[in-house]
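Novice: Would you mind keeping the following structure in view while I ask a few things?
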Amino acid sequence: MASATVDDLVMLELDANNSVSVSRHGATVTSWRHKGEEILFLSSKAVFDNVKAIRGGVPICFPQFGPWDLGPQHGFARTARWSVYHPPTSLDEGTITAILELNDQQTDNAWGYKFTLLYSITLTHTTLELKVGVENNSPKPFDFTILLHPYFSVSNVEAISVTGFENSHYFDKNKDGAKFVQKENEVKITSATDKIFPNVIGPHALLDPNKNRVVVIHKENFPDTVVWNPWTEGAKKMSDFGDDEFAHMVCVEPGFVSNRVCLEPNQEFNASMTLSVEMK
Ligand SMILES: O=P(O)(O)OC[C@H]1O[C@H](O)[C@H](O)[C@@H](O)[C@@H]1O
């Protein structure tokens with residue numbers, strides 16, 4: 001079995017307190033240190049064998065979010081080995097960018113289409129921008145769903161709230177996909193949560209009063225947002241997740257999942273998530 005090496009990591013470092021690390025396995029952002037604080041959650045049981053998806057950070061789901069007839073749950077992008085298209089480079093003072101690439105030749109191609117994914121990671125002293133581009137290099141159209149799956153580190157999941165959902169609706173995956181109305185702006189997490197909110201523009205604010213911290217999640221061309229926490233029972237079912245770790249994480253996931261993206265030959269799809277942190 002392959003195991004992770006230094007060569008697997010792409011590091012974007014502004015200074016000792018502001019950095020991002022990205023694994024070429026799945027282009028998974030595994031850490032974002034902002035002013036010395038880790039913003040992302042990475043399970044203590046995450047497996048780095050270059051086979052399994054990394055449990056935490058920011059995995060990317062493509063060409064399928066959720067179960068998939070043609071391959072693994074959440075698609076192949078999070079377990080494929082990406083290449084470095086553009087190594088970390090400082091564009092201006094205080095901005096560093098790297099670009100990773102995945103194309104059909106780097107996957108087992110069960111999907112059957114030719115494509116190029118470019119994933120730009122840009123770090124500044126105030127933001128982390130993750131931008132994904134999909135190009136159809138096939139002679140025929142294809143369609144897909146896509147989602148960024150950030151795991152945020154929180155003090156205590158029952159103390160936090162996530163805003164940006166006023167007068168929306170959601171499909172509850174824990175209740176056979178039943179549809180519910182969300183009147184309140186804030187989502188609170190007090191039990192197993194797996195909700196798909198279609199067409200919420202955002203931004204979302206993840207308020208963590210115990211940390212005096214707000215993480216703001218801006219999204220472009222990701223109409224949907226999924227909120228997930230596995231809670232006790234879900235945690236126990238995952239071999240790469242500690243039984244008590246659900247209390248210290250929440251996933252707020254921008255995606256294009258309630259409808260499929262359709263791309264004609266040579267067409268491109270672009271979307272991004274930009275995170276910023278405010279201390280209160
Ligand atoms: O265990 P994974 O395949 O990484 O999926 C983890 C979770 O991802 C998303 O948030 C889905 O909405 C959940 O249904 C799923 O359980």
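Note: Cβ is positioned from N, Cα and C throughout, glycine not excepted.
The active site annotation in TrEMBL covers HIS149, GLU253. Taken from TrEMBL, the feature substrate binding site applies to ARG55, GLN73, ARG78.
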Novice: Taking the centroid of the Cβ atoms of ARG55, GLN73, ARG78 (substrate site), which other same-chain residues have Cβ within 8 Å of it?
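Specialist: Going along the sequence, the neighbours appear as GLY26, LYS52, ALA53, ILE54, PRO59, CYS61, PRO72, HIS74, THR79, HIS149.
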Novice: Between ARG55 (substrate binding site) and HIS149 (active site), what C-alpha distance do you get in Å?
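Specialist: Cα to Cα, ARG55 (substrate binding site) and HIS149 (active site) are separated by 10 Å.
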Novice: At a 10 Å cut-off from the C-beta of ARG55 (substrate binding site), count the other C-beta atoms across all protein chains.
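Specialist: 22, counting other Cβ atoms within 10 Å of ARG55 (substrate binding site).
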Novice: Need the DSSP three-state call for GLU253 (active site) to compare against my parser.
Specialist: strand
Novice: Measure the Cβ-based neighbour count of GLN73 (substrate binding site), defined as the other Cβ atoms within 10 Å of its Cβ.
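Specialist: Taking all protein chains shown, GLN73 (substrate binding site) has 12 Cβ neighbours within 10 Å.
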Novice: Can you give me the same-chain residues 6 or more apart in sequence from GLU253 (active site) with a CB-CB distance under 8 Å?
Specialist: LEU147, LEU148, HIS149, PRO150, THR225, VAL226, VAL227, TRP228
